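Okay, structure first, notes after.
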Amino acid sequence: MVGRNSAIAAGVCGALFIGYCIYFDRKRRSDPNFKNRLRERRKKQKLAKERAGLSKLPDLKDAEAVQKFFLEEIQLGEELLAQGDYEKGVDHLTNAIAVCGQPQQLLQVLQQTLPPPVFQMLLTKLPTISQRIVSAQSLAEDDVE
């Protein structure tokens, strides 16, 4: 008797679940803005991921890759600052400083060339970017081991 009641309850729950799936699918298919909203959501997620994530980090043991990354980040940072996009420009410059072999000298040069508010923004972001690079490097080393 108990087994029969359990089977009936499971069957009813399964039927309700399938009914809800059919209802949701029909509602989704009949909505003309569903695809547009889905595209917008994916676009926002992609932009958020680009903002939050670092540029693809080079292998820090490969001097040539680090130098190429450094030069690209400096160039991108300068271009973005020239366009007025200070936030992204500072992000790229902090990436360059984090992988730089002589960060103190680079900071002195940037202090002389950047406006004081932009340089302060750079100094504010530097610890977090450096920490991300160190953690990314340690994760890469863990993968090798």
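In case you wondered, yes, glycine gets a Cβ from its N, Cα and C as well.
Quick look at what Swiss-Prot lists:
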CROSSLNK  K35  ubiquitin cross-link
CROSSLNK  K56  ubiquitin cross-link
CROSSLNK  K61  ubiquitin cross-link
CROSSLNK  K68  ubiquitin cross-link
MOD_RES   S135  phosphoserine
MOD_RES   S138  phosphoserine
TOPO_DOM  1-6  topological domain 'Mitochondrial intermembrane'
TOPO_DOM  25-145  topological domain 'Cytoplasmic'
TRANSMEM  7-24  transmembrane segment
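In the three-state DSSP reading, K68 (ubiquitin cross-link) counts as helix.
Rounded to a whole number, the distance between the Cα atoms of K68 (ubiquitin cross-link) and K35 (ubiquitin cross-link) is 40 Å. All protein chains shown were included, and the count of other CB atoms within 10 Å of the CB of K68 (ubiquitin cross-link) stands at 12. Across the structure, K68 (ubiquitin cross-link) and K61 (ubiquitin cross-link) place their CA atoms 13 angstrom apart. K35 (ubiquitin cross-link) falls within a helical segment according to DSSP. When Cβ atoms from all protein chains are considered, those within 10 Å of K61 (ubiquitin cross-link) total 10, not counting its own.
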